[in-house]
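The following features are taken from Swiss-Prot:
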BINDING   HIS101, CYS210, CYS213, HIS214  heme c 3 binding site
BINDING   CYS129, CYS132, LYS133  heme c 1 binding site
BINDING   CYS167, CYS170, HIS171, HIS318  heme c 2 binding site
BINDING   GLU216, TYR217, LYS279, GLN281  Ca(2+) binding site
BINDING   TYR217, HIS282  substrate binding site
BINDING   HIS293, CYS332, CYS335, HIS336  heme c 5 binding site
BINDING   CYS300, CYS303, HIS304, HIS411  heme c 4 binding site
SIGNAL    1-21  signal peptide
Amino acid sequence: MKFKLLLAGSLVAVGAMALLASNINEKEKQRVELAKAPSEAGIAGKEKSEEWAKYYPRQFDSWKKTKEYDSFTDMLAKDPALVIAWSGYAFSKDYNSPRGHYYALQDNVNSLRTGAPVDAKTGPLPTACWTCKSPDVPRLIEEDGELEYFTGKWAKYGSQIVNVIGCANCHDDKTAELKVRVPHLNRGLQAAGLKTFEESTHQDKRTLVCAQCHVEYYFKKTEWKDAKGADKTAMVVTLPWANGVGKDGNAGVEGMIKYYDEINFSDWTHNISKTPMLKAQHPGFEFWKSGIHGQKGVSCADCHMPYTQEGSVKYSDHQVKENPLDSMDQSCMNCHRESESKLRGIVHQKYERKEFLNKVAFDNIGKAHLETGKAIEAGASDEELKEVRKLIRHGQFKADMAIAAHGNYFHAPEETLRLLAAGSDDAQKARLLLVKILAKHGVMDYIAPDFDTKDKAQKLAKVDIAALAAEKMKFKQTLEQEWKKEAKAKGRANPELYKDVDTINDGKSSWNKK
């Protein structure tokens, strides 16, 4: 009996030792794998994220999962007043909530906003509209020079910008350290009196790499001469932060308005009210910095790229969570002690409050534009409408900044609501002035037409979706195919990696529904 017990104990011990040895060997294998690093020369073809996979396989595999975020909301159908607010501008044609990074480049190509160029010198938008979509952009800035990159039409680089947002946008290919790859961010930080990327802590860098794109910006018209002395004009991405950003819980929107007014800048002239307008981009950084998480030093990556554990390996999840509430155990619950359901309820309440003020603000803004258009029709002069247009310009930018980054209501809920209320207030002040102006010109009972559906709003904005869609499909069948053919021939991207990226014929479009 004693012999049997001794034998059993020995077998258990041997088994445990075998498991321990296996575990040690597996951890050693993982350690060696993690110790792999590119040579001092860096990663050849670093713009292709798959070239990083041999060194960082887990990060690459999680990055590929950005493909899973393939749904979107047609924001113009959800909020038709936006069409009136942006009438005469590309956003009145097509505006969707973002999908995963995997789709960012193709969605840019497919958007009605980028038009239907027929060659490298045609189309409505400048090259700057590629800037936040691909690691090929910093490559082109390095190869061609910053001013040359920002000179010309969007279609100029159609066959060159083919790799979607990936490793090389945020990492040094020699060390994998975080790195800013575009020059406008540091210039903006310096203008705001903030530390540059290189001067910042590692924790701050985990937000600043995101701020390369998730910021408010405009295209600064810049005259220059090339090496041959030829005069050229660049449209350079520039951050309007000279009056500060994220101070004392304020995103800096009023400072941006002051900046834009002082340089007499406008993105476009509204085709109904004839107001020189400003279009907010995606100011995620500014609102994060003014909100409680930013003030407490919680980075973008803490919530959107939380650490995950695989065996003995801890790494940052590069799926870039669209909604951290989908993985609360990895993000929220590392700090918060409330239940998941309670936290979800709090976030939902913030969203509902934003939605309410959003509807009120843009209803007033849309009506202010239409009433101004009626005043013009009745004979009101530019001088009579000067204050009205100033209020519309300022009010719409405040409200637009509040919603242009879809997570603002969470990142800085108080600032989001403040700006929506302020924008609505400006629009209402404009409408009160318009009552007097309209009456002066004999219009006593004008009621703005309905714009409660996307179709009604686009008709008022004179947006011909059928014609725009036909032009876009022709572009996709011609010039875009030439781009793809050239990119493939020159080995600029891996067609296999992106074979499913174009979902235009799968109903994943606001204008080409199947």
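Glycine residues also receive a Cβ, built from the backbone N, Cα and C atoms like all the rest.
Feature map: annotations from Swiss-Prot on the structure.
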residue	record	contacts (Cβ under 8 Å, 6+ apart)
CYS167	heme c 2 binding site	LYS46, SER49, TRP52, TYR56, GLN59, PHE60, TRP63, PRO135, ASP173
CYS170	heme c 2 binding site	LEU178, LYS179, ARG181, VAL209, GLN212
CYS213	heme c 3 binding site	THR131, CYS132, HIS282
TYR217	Ca(2+) binding site	HIS184, VAL237, THR238, LEU239, PRO240, GLN281
LYS279	Ca(2+) binding site	TRP86, TYR89, PHE91, ASP267, TRP268, ASP400
CYS300	heme c 4 binding site	ARG206, THR207, CYS210, HIS214, GLY284, TRP288
HIS318	heme c 2 binding site	GLN59, PHE60, SER62, TRP63, THR66, MET305
HIS411	heme c 4 binding site	GLY284, PHE287, TRP288, GLY291, HIS293, GLY294, ALA405
Cα separation, GLU216 (Ca(2+) binding site) to CYS335 (heme c 5 binding site) (Å, whole number):
29
Those residues of the chain, 6+ apart, with a Cβ under 8 Å from that of HIS336 (heme c 5 binding site):
LEU343
Taking Cα atoms as reference points, rank the binding-site residues HIS101, LYS133, HIS171, GLU216, CYS332 by distance from CYS303 (heme c 4 binding site) and give the first.
CYS332
Can you name the binding-site residues among HIS101, GLU216, HIS304 whose CA is within 10 A of the CA of LYS133 (heme c 1 binding site)?
HIS101
Suppose the heme c 2 site is CYS167, CYS170, HIS171, HIS318. Which further residues of the same chain have a Cβ inside 8 angstroms of that site's Cβ centroid?
SER49, TRP52, GLN59, TRP63, GLY166, ALA168, ASN169, ALA176
What is the interatomic distance between the Cα atoms of CYS332 (heme c 5 binding site) and HIS304 (heme c 4 binding site), given in whole Å?
10
Where does HIS171 (heme c 2 binding site) sit in DSSP terms: helix, strand, or coil?
strand
Other than CYS300, CYS303, HIS304, HIS411, which residues of the same chain sit close to heme c 4? List them in sequence order, counting a residue when its Cβ is within 8 Å of the Cβ centroid of the site.
THR207, CYS210, GLY284, TRP288, HIS293, VAL298, SER299, ALA301, ASP302, PRO324, GLY407
